[in-house]
Amino acid sequence: MAEFLELETQDGVRMPWNVLPGTKQEAANCVVPIAAIYTPIKPFPNMPVLPYAPLRCRTCRSVLNPFAIVDFAAKIWICPFCFQRNHFPPQYDSISEEHLPAELFPQYTSIEYESPGENPSSCSSPVYMFVVDTCIIEEEMAFLRSALSQAIDLLPDNSLVGLITFGTLVHVHELGFGQLAKTYVFKGSKDVSKEQLLEQMSFFLKKPKPATGVIAGARDGLSTESISRFLLPASDCGFALNSVLEELQNDPWQVPTDQRATRCTSTALSVAACLLGACVPGSGARIMAFVGGPSTEGPGAIVSKNLSEPIRSHKDLDKDSAPYYNKAVRFYEGLAKQLVHQGHILDLFACALDQVGVAELKVAVERTGGLVVLAESFGHSVFKESLRRVFQSGDYDLGLSSNGIFEINCSKDIKVQGIIGPCASLGKKGQLSSDTVIGQGNTSAWKMCGMDKSTTLCLIFDIVKKETPELAVQPSSNQFYFQFLTYYQHANGQMRVRATTLSRRWVTGPGTIQDLIAGFDQEAAAVAMARLVSFKMEVEAEFDPIRWLDKALIHLCSQFGEYQKDSPSSFSLSPRLSIFPQFMFHLRRSQFVQVFNNSPDETAYFRMILNRENVANSIVMIQPSLISYSFHSAPEPALLDVAAISADRILLLDSYFTVVVFHGANIAQWRKAGYHSQQEHQAFAQLLRAPSDDADSIVKERFPVPRLVVCDQHGSQARFLLAKLNPSATYNTDAPLPGGDILFTDDVSFEVFLDHLQRLTVQ
């Protein structure tokens, strides 16, 4: 595993197969897809940023890289993708084998270019449009007001800020009108077009509307003066904004006791998108939506106002009996398309005990690369700390960037099926796009309106090479090449291009199984399978995820395992594959596959985070990590099993969304007796402190901030730990393990699962 981590620290790429199958049929036999899990703007301390534009191949437009063949005498380089011979321009005249430009250094397979000639985009100031729900109780309103005023204090001085509040109606606040609070009001049930919006908000009072063309910002038809009525620099509008927030009241419309509040989330987001599209197109602006309940009005409503009608559940979606769902998803698909076209990002902060419609909004947040946070209340630390992290600078900043375009180039025997992750297809169909589409496909270029330094894409490839007869001549090169190009606006406002070029060996024919196994990265494979199964569950009707995962695992084990037919005891897997069945066991039990006991909103939230996180974080979501603390030994990893529970141990479980500190029964008793505050029990005080310090350091560097649960053995909150453990001892086990707990579940244990896997594999 170490060599795969090393490759990731060099290029930000993990691949399930690091030695690739050479033909279409062999790739199909590999079961786990040919994929690359790539973090486009992962920070590398040693990566150079070159102050000039990249040199490109004149045929396939790929960028000069260390795999190009260079003829120093003739000043020619041969592109590894299309074999085109390219002449070096005059500025490269002095190159020689001893005097290489940085982009040809073998260690710089990832490199960035920043052309000094290019001005930062006309509006390089970050733009934030706060869209705030007012249909919430006074207590929640107070929490939200306080969180927003803290966030506004953290904004960079040059950032532009706007405010829209919504309930039954949508209120657009004119922050630039200093004398008194002034708002423009739109009806919540009616969709507003960009033209109507500009007309009603008197954008053309002083400067007449242009007769033709698209109205887009100060360059095309709008005066800077009229834009600055609604979007002001943070340094100028701090007072106006804070006074509006302080006076912000709950939605004044009466709500009958048998009805839900009238909340027009979709209309408010549509108004925000149109306003930003007119004022600052292409600027990487963020719409930050703070929603405190279900949308009941407008085209994106998810439920009727009658409380007698429940909000859709997974069962309703499966049976197609959620009357509002498809219409709302269609609306948000349209909104996503508009935002991607404008280059704007939608962030969602959903804080309510009820569902708010994350499942419907998912498409717009994911395609624009927005952030998403789901919490129970605006007063919860998950929301407050996550919001602070968005604007925080320093050690734990998110490294937010915008206006990204991601392009790919690869050898001619490989095609791209698509990307599962936060991006939108640009529909640039060409030779590289496969006919099979997974996720955002049918293209070799994608728009990434928003991304941060940990945003990670999962690219799925197709090997198109057919079988060649044995007599055919052995090809001269057995390498497949990939190049990922990311154009983006850096946090400093400069446009940059990052080029990552990889080469992977391919093998074909009999006797290559050991080569494939040697290049198998089981963590990356588990993450690719998790993203793929989540995607299939959303798009394929009647899809059975458990059956699909089991069939894939059995096929993989029979292909790559060693065994004698019909003898389960003879079955063994190479150490390169041995943990993969364990990952699949936990994936089958995870919240991505088991939707029982989760609402559609929670499931959508979990999948959105899985689809944007890197391999290390995704593995923690699939198979949580467990660390044990005791008097007898230093902190050590423990098996994710019910046998790990012991009365005199503390366990720290990290399942990504929740971090649990679990005190065994004796430890809890000693703590309640206050031993840790007595001088002679310093060792016990240290034992209590160690897991909570470790938990704090996990919470500090993660986004969204996880929920921290501190609980005792046999307490009600212990369920957060018990639900994740392998049920090796249950209520119907003959001999429960000494000291361990027993679980009240009918789930099979990992041992039984492995036993069945071996029996089915050797048949």
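Here, residue 1 is simply the first one shown, and the rest follow in order.
Keep in mind that glycine also has a Cβ here, set from the backbone N, Cα and C atoms.
All TrEMBL annotations are machine predictions without curation.
The model shown is predicted, which means the values in this text are computed figures rather than measured ones.
Annotated features in TrEMBL:
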DOMAIN    54-92  domain 'Zinc finger Sec23/Sec24-type'
DOMAIN    125-391  domain 'Sec23/Sec24 trunk'
DOMAIN    402-507  domain 'Sec23/Sec24 beta-sandwich'
DOMAIN    521-619  domain 'Sec23/Sec24 helical'
DOMAIN    634-721  domain 'Gelsolin-like'
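Counted over residue pairs 6 or more apart, the CB atoms of the domain 'Sec23/Sec24 helical' (521-619) and the domain 'Sec23/Sec24 trunk' (125-391) come under 8 Å in at least three pairs, which marks the two as touching. Each residue in the domain 'Gelsolin-like' (634-721) gets a DSSP state, and the totals come to 43 helix, 20 strand, 25 coil. When Cβ-Cβ distances below 8 Å are used as the criterion, the domain 'Zinc finger Sec23/Sec24-type' (54-92) is approached by residues 101, 103-106, 108-109, 113, 409-412, 479, 481, 483, 485, 497, 499, 501, 503 of the same chain, each at least six residues removed from its ends. Across the domain 'Zinc finger Sec23/Sec24-type' (54-92), DSSP helix (H, G, I), strand (E, B) and coil residues number 3 helix, 11 strand, 25 coil. Model confidence over the domain 'Zinc finger Sec23/Sec24-type' (54-92) stands at 95, taken as the mean pLDDT rounded to a whole number. Secondary structure of the domain 'Sec23/Sec24 helical' (521-619), assigned with DSSP and counted as helix (H, G, I), strand (E, B) and coil, comes to 60 helix, 9 strand, 30 coil.
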